Amino acid sequence: MVSKPFQRPFSLATRLTFFISLATIAAFFAFAWIMIHSVKVHFAEQDINDLKEISATLERVLNHPDETQARRLMTLEDIVSGYSNVLISLADSHGKTVYHSPGAPDIREFTRDAIPDKDAQGGEVYLLSGPTMMMPGHGHGHMEHSNWRMINLPVGPLVDGKPIYTLYIALSIDFHLHYINDLMNKLIMTASVISILIVFIVLLAVHKGHAPIRSVSRQIQNITSKDLDVRLDPQTVPIELEQLVLSFNHMIERIEDVFTRQSNFSADIAHEIRTPITNLITQTEIALSQSRSQKELEDVLYSNLEELTRMAKMVSDMLFLAQADNNQLIPEKKMLNLADEVGKVFDFFEALAEDRGVELRFVGDECQVAGDPLMLRRALSNLLSNALRYTPTGETIVVRCQTVDHLVQVTVENPGTPIAPEHLPRLFDRFYRVDPSRQRKGEGSGIGLAIVKSIVVAHKGTVAVTSDVRGTRFVIILPA
């Protein structure tokens, strides 16, 4: 399958210029069309009024009952000679032409090609193309006339109840047509010039209107990794850009938070690894500074092995968290009885709990949940290890399990010194410790709770912590 070549969308300036110019030019042409149509209707009304005046004058002559036909025609010719740009034809009741304008063809010969006049408002008015002839124009001299507006009407004395004549009157409209054509040409030329001006003005206006966008772009370009605390002021941009600026501020805030976490994380991991490496180097240098017995060398090796094991666990935990960060932590789910899983964790920590004089107790139902058994046991182990670390001798750690509204809630509760409220939101951060001075006194690597959160989130659940004088409670909620 051949992929289509990438086609970059038109710029905003181009699109805005096109649509605004198109709308403006369309409006101008609509105005021009209305003007031309109005002029046509006005000329049609003017011509019809002229035709009606002429027909009324001729009717008075032709309707006179006491005149002979010869007398009527003589009077008709005298009247017609006073009109310019008008052709007359008179037919009797048998359809024979008894009179037509002298020096001109009989217009009745052209009536078969007549078409109704759409611009005429009311009445039977027709348009004729022909005859073509030279006649006086509205100015000086003569001009060619070939387009006519015509009416016909019965006139003359009544015979058997019907007029004896049919009168045809045609008025030249060439001057009006020439005027309309000139007007259209001028409007087209004006429209062309105006269109060019509109495009230029719109381009200039769009360029000017995009100035705030360019200003915002320059401000964004000036932000570097050292300026992540900089925020754009939404009050200094047009309202259309306010949401964009707010979204950018939110994004840069998240980037700053991630960048800060990453920097702190790098510093913390360097510190965590530096200490055991320093211990290894120091112990090895001491061992090599003089001859040692086999027992002393074995003690050094065992101590080094302990530090290396701790470092290996830390690296494993960090790889686990890296998978979680990249959404690569995919649980292999199956139906589990959480009571059984808690029991397995209790078996693992039973000896340590006895040494510390702490009792482990499970309270609740046999909650069923779909989850990865290894991951969930690891999360429970981290919470229980944390609880054992801070529970006074003679106290009891309680793990509760219950199902509420299709959700499984697991609570690990231990008595002890309450945690200050300002520390609670950060307990699940990597390497965060409430008391930094205790970090090298067997207090773990500081990422156990971060692993708990990653596992719970991978199971589409949530984890929270509360602490007061009665103790500290970690609550995991998972979908049943």
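From the backbone N, Cα and C atoms, a Cβ is placed for every residue, glycine too.
Noted in Swiss-Prot for the protein shown:
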TOPO_DOM  1-15  topological domain 'Cytoplasmic'
TRANSMEM  16-36  transmembrane segment
TOPO_DOM  37-186  topological domain 'Periplasmic'
TRANSMEM  187-207  transmembrane segment
DOMAIN    207-260  domain 'HAMP'
TOPO_DOM  208-480  topological domain 'Cytoplasmic'
DOMAIN    268-480  domain 'Histidine kinase'
MOD_RES   His271  phosphohistidine
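Counting every protein chain shown, 11 other Cβ atoms lie within 10 Å of the Cβ of His271 (phosphohistidine).
Here the transmembrane segment (187-207) has Cβ contacts under 8 Å with residues 12-13, 16-17, 20-21, 24-25, 28-29, 32, 35-36 of the same chain, all six or more residues outside its ends. This prediction places the mean pLDDT of the domain 'HAMP' (207-260) at 88.
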